[in-house]
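Per Swiss-Prot, the features are:
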DOMAIN    13-165  domain 'Tyrosine-protein phosphatase'
DISULFID  CYS52-CYS107  disulfide bond
ACT_SITE  ASP75  active site, proton donor
ACT_SITE  CYS107  active site, phosphocysteine intermediate
BINDING   ALA109, GLY110, LEU111, GLY112, ARG113  substrate binding site
LIPID     CYS173  S-farnesyl cysteine
MOD_RES   CYS173  cysteine methyl ester
Amino acid sequence: MGANGTLVECKRGESDAVVFRFLIFDAPSPSSVTAYVKLMQKYNVRHIVRACGQTYSAEAFEKQGMVVHGWSFDDGAPPTQTVIDNWLNLLEQEKNKSPPETIAVHCVAGLGRAPILVALALVEYGGMPPLDAVGYVRGRRKGAINQVQLNWLMRYKPRHQEGNEGSLSCAGCAVM
């Protein structure tokens, strides 16, 4: 059984320096874990964020040196405050890595919970307006992010403002 995902690279401003890579994918099943381990290895993934209930054992990924973070929240809903805090803490930890490691994010179908976390990262660290971030993600993952999640992101107040010391620009984002 094959595995695939959508890789989103975020570059710092006008430069070619990649700040974050996100690999959005659907949840592995017990029979497809091996294919997903290979996919994660291909993109040098070290962190996997599981934004849904557990559908597979993390052991195969952990044996390859990957950390699986279980940060589940309700299907179709925006992330909880705990998930937001955990996600942003992970991004803070990874933002200055050179070269940046890919952060993989999945939910059941890779269309709701995982994409909204990536859109949140684009708003927080890329300084992208929420609609632009959602449009950017939807342009790469058809059907991603529902109206409830979009409305939440539109009301979200970023912790990192563009122009602040910790702010990054994703104006040069590219999908590979």
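Numbers here mean position along the shown chain, with the first residue as 1.
Keep in mind that glycine also has a Cβ here, set from the backbone N, Cα and C atoms.
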Given the substrate site residues ALA109, GLY110, LEU111, GLY112, ARG113, which other residues of that chain have a Cβ within 8 Å of the mean position of their Cβ atoms, reported in sequence order? ASP26, HIS106, CYS107, VAL108, ALA114, PRO115, ALA144
Can you tell me how far the Cα of ASP75 (active site, proton donor) sits from the Cα of ARG113 (substrate binding site), in Å? 7
Around the C-beta of ALA109 (substrate binding site), how many further C-beta atoms are within 10 angstroms, looking at every protein chain? 16
Length of the line joining the Cα atoms of GLY110 (substrate binding site) and CYS52 (disulfide bond), in Å: 10
For CYS107 (disulfide bond), name the DSSP secondary structure in the helix/strand/coil scheme. strand
Per DSSP, to which secondary structure element type does the residue listed as 'active site, proton donor' belong, with helix, strand and coil as the options? coil
